[in-house]
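S.K.: Have a look at this one before I ask anything.
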Amino acid sequence: MSMLCYTLIIAFLIGIWAAPQSEDNVPLGSPATSDLSDTSCAQTHEDLKTSRNTDQRHPAPKKADDQELGSAANIIVDPKLFQKRQFQSSRVLFSTQPPPLSRDEQSVEFLDNEDALNRNIQAKRQNHPVHDLGEHSVCDSISEWVTKTTATDIKGNTVTVKVDVNLNNHVYKQYFFETKCRNPNPVPSGCRGIDSRLWTSYCTKTQTFVRALTMEGNQASWRFIRIDTACVCVITKKTDNL
C-alpha cells in the first residue's frame, strides 16, 4: 500500500516537472520574452508611422483667426447672389476694366474685356454733343463711372465698400455711375437762364441710394449706399423784391 502511494506521488511530481512553463513565468532573457519585445517594438513603430501618415493626409485644422483673415483677403461671391432683382441697379456695374462713359438702362452686369471695348466704341459713336439746336442746360454736369472704398449707408453710417469681387475665379471691380456738377456757378450770376435780378441761384448735386456690395466684418453683404446722381439748380427769391 505504501509502495503504491510512493509511486503515485513520484508520477505526480514528474508530471509537474515535465509541464511547459507559461509565458508569464518565463525569465526576462528567454526567447519568448525577446519575441514579445520585438513584436511590441515593431507594432509601436508601425503605429507611429501610421499616425504620421494620417497627420500628413489630414492636417490639423487652422485656427479660427487664420481662417477669418484668409476669408477677408479673398472673398468669393456666389453668382446667384446677383440674379436677385432687388439687388440690381442700373448705376452699379461689375467689370474687369473701366466701363464706357455712357450708361444704359441695363441691370447689374458683368463685362469682360471684349464687351467693355465694344461698348466704349459704341459710346464714342453715340455721345457726340449737339451744338446747333441752341439748347443749354441750367447747370453743367459731368457723369462718370467711379470706384468707392467708403460710403454713407441709409442709416447715416460710414461703411466699407467692396472694390474687388472674386466671381468664378475672376476678379471684378465694382463701379458706380455718378453725376456731379461741373461748376456750381456756370455763369457769374449762378445758374444759366435764371433772372439774377429776381433770383439767387446756384448748382448743387443730389444723391440717391443704390444697393452695393459692402464689407461687414469679414463677410460681404448688400447695403443701400448714397451716391451722386444729378446736378440741379437751387433758386431763392431775393428779399429786396418782396
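Cβ atoms here come from the backbone N, Cα and C positions, even for glycine.
According to Swiss-Prot, the protein carries these features:
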type	residues	note
SIGNAL	1-18	signal peptide
REGION	47-70	region 'Disordered'
COMPBIAS	47-66	compositional bias 'Basic and acidic residues'
DISULFID	CYS139-CYS203	disulfide bond
DISULFID	CYS181-CYS231	disulfide bond
DISULFID	CYS191-CYS233	disulfide bond
S.K.: State the Cα to Cα distance, in Å, between CYS233 (disulfide bond) and CYS181 (disulfide bond), rounded to an integer.
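M.R.: The separation of the Cα atoms works out to 10 Å.
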S.K.: How would DSSP class CYS181 (disulfide bond) in three states?
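M.R.: CYS181 (disulfide bond) sits in a strand per DSSP.
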S.K.: Within its own chain, what residues at least 6 apart in sequence put their Cβ under 8 Å from the Cβ of CYS191 (disulfide bond), listed in sequence order?
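M.R.: Those within reach of CYS191 (disulfide bond), by Cβ under 8 Å and sequence separation of 6 or more, are VAL138, CYS139, ASN185, SER201, TYR202, CYS203, CYS233, ILE235.
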S.K.: Within 10 Å of each Cβ, count the other Cβ atoms and name the one among the disulfide-bonded residues CYS139, CYS181 with the highest count.
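M.R.: The most densely surrounded of these disulfide-bonded residues is CYS139.
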S.K.: Can you check which residue among the disulfide-bonded residues CYS231, CYS233 has the largest number of Cβ atoms within 10 Å of its own?
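M.R.: When each Cβ's neighbours within 10 Å are tallied, CYS231 leads.
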S.K.: Have a look around CYS203 (disulfide bond) and count the other CB atoms within 10 A of its CB, chains all included.
M.R.: 23
